[in-house]
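These come from TrEMBL:
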type: TRANSMEM; residues: 7-29; note: transmembrane segment
type: TRANSMEM; residues: 41-60; note: transmembrane segment
type: TRANSMEM; residues: 126-146; note: transmembrane segment
type: TRANSMEM; residues: 158-176; note: transmembrane segment
type: TRANSMEM; residues: 202-224; note: transmembrane segment
type: TRANSMEM; residues: 236-257; note: transmembrane segment
type: TRANSMEM; residues: 269-291; note: transmembrane segment
Amino acid sequence: MEGFQQFIFTLLDPIPQYVLGSLTALVIMGASPADKFTEKIAWLFRCLGCPFTGLFYSINIGGKRESRCMYWLSSDKFVTDKGTAPKYRPFGFYAYEIQNADDDVKKKVEQCTATMSVLDRLSMLISSYFIVVGVLALISKTIGTINCRGWPYIPTLLSWTILAILRDAFSGIIVIKDPDKIFKEGQIRINENPKSRTHKRFTVVVAAFISIFYHWIALFLAYFTPPIGYSCRSKFIAIFCSIWSFNSILAFICHCIGEKDLTSFGQGFLHVWFSFCGFIVTVLLLVLGLFTQNNKWWVDVFGDSCNVASIGCM
């Protein structure tokens, strides 16, 4: 009974604003135009479980209204200037340019998309601000005195979402209706542009590099935060980094092989796997938050090797 009461009191402890503000980045990055709530949640978990997914959309697809809308379509919705359907979705490594859209296509794009309000953009910038504050707080911990609370690790782990947030904020375009339903009939004409494709391939590599390597900075900072080398904290953060790197490598390889649509690669197994990993990451973030408030729980769960009572952390 005493343990349960302690758990409840831990939940009532105030959470720093920069942590709460950074969590909204997940909702922004994982937004989906799907109609069903379960599909929206699955996509949100996928973006959280595989950083390459969200970063690819932000860095490679860009901020144009047409591209952001048509990203959600399968390859059979397009036709090349040669009259044939592209083998894979015309984005990233297999990028095509959208030809001058006719009035019907423009109308459908307008139906799918909307311009963000000033308040929406401001909320995104505020979320980015809180992430930056969290990162700076963690850096200050590495060069300062011992601080037993580890809240800055959460915004630092999520700092890779800043690119997606800023892209959305500055483009001002969001997809609000499912393009698959709007583009039921007809096909969108596309044509090859070698120069544009080279640039798009470069941005794919950039997205892959960031999604595979960037988050390991959090582990580096965790290791050098007093008490230096505290293995329990570092190992726990390494779980996040390992999941994200493995899944991002997998997603990058799948993209290079070619995709017909967003969810059916490998009979849909990868979409399910990425979403499942996103759920696991969500649980781990919650656990990290709870452990941050009570250092004794590290010892209860992982043993005496996590005991830092000798430096005044209880």
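Cβ coordinates are placed from backbone N, Cα and C, and glycine is handled just like the others.
Remember, TrEMBL labels are computer predictions, not curated facts.
Keep in mind the model is a prediction, meaning the values are calculated, not measured.
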Most Cβ pairs under 8 Å with the transmembrane segment (269-291), selected from 41-60, 126-146, 158-176, 236-257:
41-60
Do the transmembrane segment (158-176) and the transmembrane segment (126-146) share at least 3 Cβ pairs closer than 8 Å, excluding pairs fewer than 6 residues apart in sequence?
yes
